[in-house]
Amino acid sequence: MRTIISLLLLSAMVFAEIEAISLEEGLQLFEGERGCVGENQQCANWAGPHCCSGYYCTCRYFPKCICRKDSGK
């Protein structure tokens, strides 16, 4: 009986740790996207603001860098 209770407690602790790690990774991903800009917005890859997922920063004329949609090429 003690063995069963010990295994249940151990399983609960492992599950809680896995959930905490998943939540932490999700928050880090969200924080990384928080300061991003969308299509045709000014960007600066080296210092920010950075383009959101699915966009890339292109600089045709130096200070005028803008985010363009990533076509996957």
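Placed from the backbone N, Cα and C atoms, the Cβ positions cover glycine too.
The signal peptide annotation in Swiss-Prot covers 1-20. Here Swiss-Prot flags C36-C52, C43-C57, C51-C67, C59-C65 as disulfide bond, drawing on similarity to another entry. Marked as serine amide by Swiss-Prot on the basis of similarity to another entry: S71.
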Are there residues of the same chain, six or more positions away from S71 (serine amide), whose CB falls under 8 angstroms from its CB, and which are they? none
Identify which of the disulfide-bonded residues C43, C52 has its Cβ surrounded by the largest number of other Cβ atoms within 10 Å, counting every protein chain shown. C43
Here the disulfide-bonded residues are C43, C51, C57, C59, C67, and the Cα closest to that of C36 (disulfide bond) is found at C51
Spacing of the two Cα atoms, C51 (disulfide bond) and C57 (disulfide bond), in whole angstrom, works out to 6
Shortest C-alpha distance to C67 (disulfide bond) - which of the disulfide-bonded residues C52, C57, C59: C57
Which of the disulfide-bonded residues C43, C59, C65 has its Cα nearest to the Cα of C52 (disulfide bond)? C43
Rank the disulfide-bonded residues C65, C67 by how many other Cβ atoms lie within 10 Å of each Cβ and give me the one with the fewest. C65
Please identify, from the disulfide-bonded residues C36, C57, C59, the residue with the sparsest Cβ neighbourhood, meaning fewest other Cβ atoms within 10 angstroms. C59
In all the protein chains shown, the tally of other Cβ atoms within 10 Å of the Cβ of C51 (disulfide bond) is 24
Coarse DSSP state, helix versus strand versus coil, of S71 (serine amide): coil
How big is the Cα-to-Cα gap, in Å, between C57 (disulfide bond) and C65 (disulfide bond)? 6
In Å, rounded, how far does the Cα of C43 (disulfide bond) sit from the Cα of C65 (disulfide bond)? 6
